[in-house]
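Inspection log for the structure reproduced underneath, given as structure tokens.
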Amino acid sequence: MSAKMLHVVMYPWFAYGHMIPFLHLSNKLAETGHKVTYILPPKALTRLQNLNLNPTQITFRTITVPRVDGLPAGAENVTDIPDITLHTHLATALDRTRPEFETIVELIKPDVIMYDVAYWVPEVAVKYGAKSVAYSVVSAASVSLSKTVVDRMTPLEKPMTEEERKKKFAQYPHLIQLYGPFGEGITMYDRLTGMLSKCDAIACRTCREIEGKYCQYLSTQYEKKVTLTGPVLPEPEVGATLEAPWSEWLSRFKLGSVLFCAFGSQFYLDKDQFQEIILGLEMTNLPFLMAVQPPKGCATIEEAYPEGFAERVKDRGVVTSQWVQQLVILAHPAVGCFVNHCAFGTMWEALLSEKQLVMIPQLGDQILNTKMLADELKVGVEVERGIGGWVSKENLCKAIKSVMDEDSEIGKDVKQSHEKWRATLSSKDLMSTYIDSFIKDLQALVE
């Protein structure tokens, strides 16, 4: 008997860092003949439709983002909301899409619904005869930590006090954010545990080679199947070329000499920290290209420059707020070092690149991803922070020099370790095996 062709609904959190990985997985499902209905806000459709590689198998359905007090007018995505404290209102808006979401599900009758932040999806799935799969596109380590802290800090029969909730753990991110509101009448912690405890199965965008022990821990704690998709990165575009201005600029410098620094499209540095970081790049005396949003309170990058900076680096340094072709830049032979925030998607791109890695994590799972790369896999270095998490120009320069100087033992060691892991992870058979196994798990779930 042939395996069932599935109809899968995708409903990710309204952030491109979630929506894009969901779409990459949709493309993999569609390649093998499965049907996908991908539900998203209208403005996101404009950005994502070109990433749909199988339009005959993947259908986009837009959903209206309700107006919520405190949410900026027209906001449909975290990118529309620079102030991270207002993201709770977007979560409220997501929850208020439930009636329209239910109408869509009732109409199309899917076999499986994959979701993340919309913790109530399992209730909808049960109502209409579908299976629910919580898909985590952040590191399994960070999800495991939230479970560990709550279950192990205090006796199970004793409620946590506010002081216990605020307690910090050495070398781990401050977890008080888990207990703050994330939506109307719900905390981030309750949303996260609800997402994972109510579903029929958990899927993680990772692989056993990197996070096997964390995935096994999640399976044990939630007493359910945890299936892995692998990192699900897009295939490199055949013949993809770098836009002319960047290609021409990079080609001016010798092989492996350029620093490429990127912090993602959803994070905004404080002005003084932005200035310190670009001064640190300048201090290395190496050419550099930095892609970053304008700092908080600034309309443009240029208005935040320290005095004299633009003139001093005009021949070897560029800072831009434009979207850049990150993967294509990472493949350019002039680039030798990737300075990044270690968001989960960026982490995989960094691991699969041939560049030296320097990490400056900013928040959430980025801190744990960095610990994994720097301390466990030993494929890069983390920039040392000062009081209050401050990244000084001296410490940034020191970290970069430690991996870029030809005679540096640290640089040699992380390069050797990185090459080993890149060889393992770049195996096409390895990644296709994960997708094949994931699809079989979905088919078994609906039988």
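Just so it is clear, glycine is given a Cβ too, placed from its N, Cα and C backbone atoms.
The record from Swiss-Prot ties W323, V324, H341, T346, E349 to UDP, and of the options S265, S392, S402 it ties S265 to that site too. Burial estimate for the recorded positions (D116, E349): highest at D116, by number of other CB atoms within 10 Å. Within 8 Å of the centroid of the Cβ atoms of S265, W323, V324, H341, T346, E349, where the record puts UDP, the same chain has further Cβ atoms from A262, F263, G264, A291, Q326, N340, A343. A gap of 28 Å separates the Cα atoms of V324 (UDP binding site) and D116 (active site, charge relay). The two recorded residues D116 (active site, charge relay) and W323 (UDP binding site) have their Cα atoms spaced 26 Å from each other.
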